[in-house]
């Protein structure tokens, strides 16, 4: 066998078909303009690290907050610009040598992620809630993440007034990963994006100022289980590569359809082997279902939601879910549509246990953050019902639901940061008793969020739930709708229980106080309430937007 | 475009609710007057609707139609028929009395907090409920109706749980616990019913492709919309379940005694006289009109359930020791009559049922509100704590008696006409059911008269001695209601005139004709 033959074998296996022997390396063509949202965020994150290195400590906070907010706003403007140029519709295409799709769902989800990140960053930057420590205003993050909890080093760091401003570039890296995740158009990009958004999140979970041990425990759990799920995902990618001889979504889809013409001689033994496809596809799904927190891959959710600093929990609960569901949608609609009938029973099962499991276990919770965690599991189940619909209508209903859910979630966790006692946030439910008497406005706002979670009409939660259930019923999943309404009824019980506690119970003498936040957190909460009411009363514009964004580029 | 009268009638109390809630904490009295004024203005608008409604005209009048959520196929469509206009008028009529009767119910025990505004909240929530109930009576889009049907639970829930009856036997803590239990039970029962209905609403859309009542009914009538028998039955059951919880029908009734017992009396009136009517109204409007075949299929079972409600409710009312729970069980019995009349599928039965909804609203309001005045005076809901009140407070006892006599359907008072119509209508179609239902009347006489005898007659009991008689505000509540009961008892024509054509439409929907009397048929 000559050297040329070996070379061509390698290059064909790598998916590059035009490389003739003796060709020089050709630079890939990258459509920078179409990737602008991601590039802006990554660039700002890199700048943020330089800020940490070179800007004096006292100026860092302001610089980082400004940089982050401006970067996210610019990225959002870029997304809007791309959508205005028709990339969400007729001009949708695949950029960066087949790695990233720029189409309706991608742009819609990127826009949602950016807006949610923006309001989350406001809660990251909140410095009025914790009492000033040694004359310095502090936020929810540890003085020095590296110091051992309770050690002298920690005390010194607190006394010196250190703050962990690294959270802003970390959040930006995470956002960048999330932007790529639902747009990834080959499996390797998918995996890289997953790691890029997950690793900063593991770190962010560990840097709570209060209850640091719990926060670190949460981070370790999240990291271990996250690594486990990444391994599943990677293994699935390997098997699918063996099956299709390519990692590109379109290429795999062709092999699944049987429309591929040329069988790669090097992979002839495995290519088209359905066992590889089914096992690989299932492992890939497992990795993604872990990220969305679907039962039975949900074990990490309550612990991590409870332990992480609350602003991070809100960010993670909202934005991760948007990104992961985006990736799941693309995978099911672009790569594996040929498997719809094989996967349907499995997805049905997952959706049913997720809806029921989340709703039932939430009833027994006594901590507001854990309660919201289980509620997020139940919501993942509702969204899965829309995913299963397998129609453009299903896609747009899921997009709409994600937008609705993420704003309510960020708002709800922002309210949780306000209710405090001497030990920081008072997250035990018993401490919320009588909050409606003490701070009617805060309690009323939280009640609005809870009613939206419960899907009461005239709130955004109802519009979203109705959209996914309607799509599911249209798509022949009427059984899921029935399970969905039953679990909604169960879920209503624990949302209502919190409202009862806040409004109908007598306040306790040593109960928590509601801190008055700066305009930053107020904006977050106000945006959450506004979105909840607007999407509840007049959702048409946003349904149109999601409806136009319902088609994936292939 | 003509003036959107129906929207205005519903929007006025909604805006009034927001305005009332915004009144500063210190100006409680101003909030009360504002709420009363708004409710009276709404009554005027409702009167205009009633006057503009032509009984012989189109089925739905004063219609409005606007695009709302095109993606869901939802339009903001309003229109009022004879049944809707009667109940709309009843609602608008009762709310001022509810507000007047609850004038002091939400006064804070202590006024130390400058931000806690329960008084404003109480009246704002009542107006909010009024707005939603009115809109649900005129909504001709299934989705719009569903939204209101569910959304009205939230203000009701806060009214029940947030403003309890002060006259409670146990300690304060115990009272709060029982109250929030009642509120949660109310919400969960109704929410569960509503969510089952949501599945059916979505199913209806999948089958029919529209939410518009008139479009679906038309498509069904001209045969362009075929529904498989099993589909129609499932959808019917989904709708009926929600309405049966709301109505409430045995065995889904258990939330009502709790809710009515623990809520303040005006709120109890709001539940049973106004909000629950949405359930029976919706049976007439949605179950019969959208699923005529399934309605006929389910009739035997529903008639049995209604009969059980009538007898069971009445029997439990006889056994109650608590005045408010007694009235609650009496209401369950009366709702049995209403459902019985609707599903007898005769025009007399359905006219009677609609009339019954109006009259039950008036009679329960009269009895319950006067009972509330009594309970406030003594501070107890237990029948055993009363005795000889008529010697001390004769006007109170007299109005209580008339309210009670109306509840037992004494001829000459309004409920008699409707109960008679229902029984005649039922008897012509289902004679055995008619006979069993009559037992309910006998038991009604028992529980009302025994209640009167134990509380009002006999020796004056301890704690009753210095009881003051009705004050001007309380008379302003009781007397107009009694006048109406007598007026409609003697002259029910204004209501029957608007109701009868609408009932003919419904009878046409279910393609039922009244059974001919035996003699004629034999010819």
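For all residues, glycine too, the Cβ spot is worked out from N, Cα and C.
Summarising the annotation, TrEMBL assigns transmembrane segment to A:35-53 (among others). Listed by sequence, the residues of this chain that lie at least six past the ends of the transmembrane segment (A:35-53) yet keep a Cβ under 8 A from its Cβ atoms are 60, 63-64, 67-68, 70-72, 74-76, 78-79, 81-82, 95-96, 100, 102, 110, 114, 165-166, 168-169, 172-173, 175-176, 179-180.
The transmembrane segment annotation in TrEMBL covers A:65-84 (among others).
Cβ atoms under 8 Å from those of the transmembrane segment (A:104-125) belong to residues 37, 61, 65, 68-69, 72-73, 75-76, 79-80, 82-83, 87-89, 92, 139-141, 167-168, 171, 175, 178-179, 182-183, 310-312, 314-315, 318-319, 322-323, 326, 329-330, 395, 399, 402-403, 406-407, 410-411, 413-414, 417, 520-521, 523-524, 527-528, 545-546, 548-552 of the same chain, restricted to positions at least 6 beyond its ends. Positions annotated as transmembrane segment by TrEMBL: A:104-125 (among others).
According to TrEMBL, the feature domain 'NADH:quinone oxidoreductase/Mrp antiporter transmembrane' maps to A:184-490.
Annotation source TrEMBL lists transmembrane segment at A:190-208 (among others).
The transmembrane segment annotation in TrEMBL covers A:220-244 (among others).
Sequence annotations record features per position, and here TrEMBL assigns transmembrane segment to A:275-300 (among others). Residues 187, 194, 198, 221-222, 225-226, 228-230, 232-240, 242-244, 256, 320-321, 323-325, 327-328, 331, 336, 339, 342-343, 346, 350-351, 353-354, 357-358, 376-377, 380-381, 383-384 of the same chain, all 6+ positions outside the transmembrane segment (A:275-300), place their C-beta atoms under 8 angstroms from a C-beta of that stretch.
Here TrEMBL flags A:312-333 (among others) as transmembrane segment.
Annotation source TrEMBL lists transmembrane segment at A:345-364 (among others).
TrEMBL lists A:398-419 (among others) with the feature transmembrane segment. Same-chain residues lying 6 or more positions outside the transmembrane segment (A:398-419) and placing a CB less than 8 Å from one of its CB atoms are 105, 108-109, 112, 115-116, 119-120, 123, 126, 129, 140, 310-311, 313-315, 317-319, 321-322, 325-326, 329, 368-369, 372, 376, 379, 382-383, 386-387, 425-427, 431-432, 435, 442, 445-446, 449-450, 452-453, 460-461, 463-465, 467-468, 471, 512-515, 517, 521, 524-525, 527-529, 531-532, 535, 539, 542-543, 546, 549-550.
Summarising the annotation, TrEMBL assigns transmembrane segment to A:440-460 (among others).
TrEMBL lists A:480-504 (among others) with the feature transmembrane segment.
The transmembrane segment feature in TrEMBL is assigned to A:516-538 (among others). Sequence-distant contacts of the transmembrane segment (A:516-538), counting only residues of its own chain at least 6 positions beyond either end whose CB sits under 8 Å from a CB of the stretch, comprise 119-120, 122-123, 125-129, 403-404, 407-408, 410-412, 414-415, 417-418, 445, 448-449, 452, 457-464.
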**Q.** Interface check, the transmembrane segment (A:190-208) with the transmembrane segment (A:65-84), three or more C-beta pairs under 8 A
**A.** no
Q) Taking A:65-84, A:312-333, A:440-460, A:480-504 as candidates, which has the most Cβ pairs under 8 Å with the transmembrane segment (A:345-364)? A) A:480-504
Q | Long-range environment of the transmembrane segment (A:312-333) - Cβ separation under 8 angstroms, sequence gap at least 6 | A | 101, 105-106, 109, 112-113, 116-117, 120-121, 123-124, 140, 167, 171, 174-175, 177-179, 181-185, 190, 193-194, 197, 201, 204-205, 249, 284-285, 288-289, 291-293, 304-306, 340, 343, 369, 372-373, 376, 380, 383, 387, 390, 395, 398, 402-403, 405-407, 409-410, 412-414, 552
